[in-house]
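Let me begin by presenting the structure, written as structure tokens, before commenting on it.
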Amino acid sequence: GIPCGESCVWIPCLTSAVGCSCKSKVCYRN
């Protein structure tokens, strides 16, 4: 539920390496 400061409209979340995932075109962590 914490925004990772990255969008995932065009590309996947690069922050997925630190546990972030794409939700509603924005990368979130928990």
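Cβ coordinates come from backbone N, Cα and C, glycine included.
As written in Swiss-Prot, here are the features:
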- CYS4-CYS20: disulfide bond (DISULFID)
- CYS8-CYS22: disulfide bond (DISULFID)
- CYS13-CYS27: disulfide bond (DISULFID)
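Put simply, CYS8 (disulfide bond) is 11 Å from CYS20 (disulfide bond) when counted between their Cα atoms. CYS22 (disulfide bond) and CYS13 (disulfide bond) have their C-alpha atoms 6 Å apart, to the nearest angstrom. Across the structure, CYS4 (disulfide bond) and CYS13 (disulfide bond) place their CA atoms 9 angstrom apart.
If you draw a 10 Å sphere around the CB of CYS8 (disulfide bond), it holds 20 other CB atoms from the protein chains shown. Of the listed disulfide-bonded residues, namely CYS20, CYS22, CYS27, the sparsest CB environment within 10 A is found at CYS22. The Cβ of CYS13 (disulfide bond) lies under 8 Å from the Cβ of CYS4, GLU6, CYS20, SER21, CYS22, CYS27, each on the same chain and at least six residues away in sequence.
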